[in-house]
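**Student:** Pasting a structure below so you can have a look.
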Amino acid sequence: MGVPEQESAHKDDSHGSAPKSPTRRLAVASGVRWWAMVAVDMIMLLSGGTVATLLTRLYYNSGGNSKWMTTLTQSGGAPLLAIPLLLTPPSPEDRRLPSPATKLAAVYAGIGALIGLDNLMYAYALQYLPVSTFSLVASSQLAFNAVTSRLLNAQRFTPLIANSVVVLTFAATVLAVGSSSDGSSSGNYHYNYAAGFVLTVAASAAFALILSLYELTFERVVKAQTPRWVLRVQMNSNLVASAVAVAGMFASGEWRTVSGEMAAFRGGTARYVATLAGTAVAWQAALVGQIRLVARVSSLFANATGVVQLPLVPLFAVVLFGDRMTGIKVVAMLMSAWGFMSYAYQHYLDGRRAAGTARAQCSVCAARAASDAVSDAS
């Protein structure tokens, strides 16, 4: 997927003095609308992901300690998606069932269970790592996504994308080597830092696989990318992930500690509930933007957009939580930006190449039409 064909410029076969045709104006307007929707999705992803990550860290800093509760907040806002789902008007593609219900249910269950595991790993990692370090290590998900996109979605692997993968992976490695710059030098601290690093990398790999599976679902199972199907897929898979989190909370016995945790939470019960509710809403807003980008463009583009929030989270973390902005983090941040820009430039080149091909095809069609018109006149 990519920019729709309407975005391509269609040259007028006059000498440039005639006004643009209604068809051309409609094509340009369609392309602008498409990019406007992509921009909205990117804003939702960046703002929602940043707020959710910071609120999760606030939960831990204020006395929260339940891993399963944190896991639940990452998918527990899924029922709220029923509101936009009901308000979104159906299209003709929404009125047909693209695959058997049993096949869809299996897809929802499989992706949902993987999301639940991924959320749990992120919950542990975010407790063990400073939020700035966590966000930068999580950039490795783009490297994993490049691999899964190639294997599952037939994504082209160009030198620029390879450069992006190498740079982002190296940025995460730099952070791991420089772990001592984040604070305590105790053995327990280094153990927690190592565990948090491994869990973040593992969760990033799982998340990359999830995005590629979403793209595969839209292409092979749902066979549609409408707004209603995006919301359906996200809501159903996240409901399964929420069930996994609830089951884990009861199986581990953590549900018994919720009332005590709520009473001891810094700021009181109201702040406890508001923090968790805000986190759940922010995660769903981010996921709506990300999954719509998967449907509109590709899983790799959606993941690369998520990497853009990396400079935002550490900066807010320094201000809000007192995280140290060390030299190593600055270098890793710059490398992350470099890695994203490398991928973004590849996307720009692909767009120009597609537009040039479309213009060439239009020129050929115009020449054929003119030739046919001359033949008919003679």
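Glycine is no exception: its Cβ is also placed from the backbone N, Cα and C atoms.
Per TrEMBL, region 'Disordered' is recorded for 1-24. Annotation comment: TrEMBL describes 34-60, 105-125, 131-148, 160-179, 191-214, 235-252, 272-288, 300-321, 327-345 as transmembrane segment.
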**Student:** By Cβ distance under 8 Å, which residues at least 6 away from the ends of the transmembrane segment (235-252) in the same chain are close to it?
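**Tutor:** Long-range Cβ neighbours of the transmembrane segment (235-252): 66, 68-69, 71-72, 74-79, 81-82, 85, 104, 107-109, 111-113, 115-117, 119-120, 284, 287.
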**Student:** Ranking 105-125, 131-148, 191-214, 272-288, 300-321 by Cβ pairs under 8 Å to the transmembrane segment (34-60), which is first?
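**Tutor:** That would be 272-288.
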**Student:** Taking 131-148, 191-214, 272-288, 300-321 as candidates, which has the most Cβ pairs under 8 Å with the transmembrane segment (105-125)?
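**Tutor:** Comparing 131-148, 191-214, 272-288, 300-321: 191-214 has the most Cβ pairs near the transmembrane segment (105-125).
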**Student:** Taking the transmembrane segment (300-321) as reference, which of 131-148, 191-214, 272-288 has the most Cβ pairs under 8 angstroms?
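**Tutor:** Most Cβ pairs under 8 Å with the transmembrane segment (300-321) come from 131-148.
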**Student:** May I ask for the residues of the chain that lie six or more residues beyond the transmembrane segment (272-288) and have a Cβ under 8 Å from a Cβ within it?
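**Tutor:** Distant Cβ neighbours of the transmembrane segment (272-288) are 41, 44-45, 47-49, 51-52, 55-56, 58-59, 62, 64, 69, 72-78, 80-81, 84, 230-231, 234, 238, 261-262, 265.
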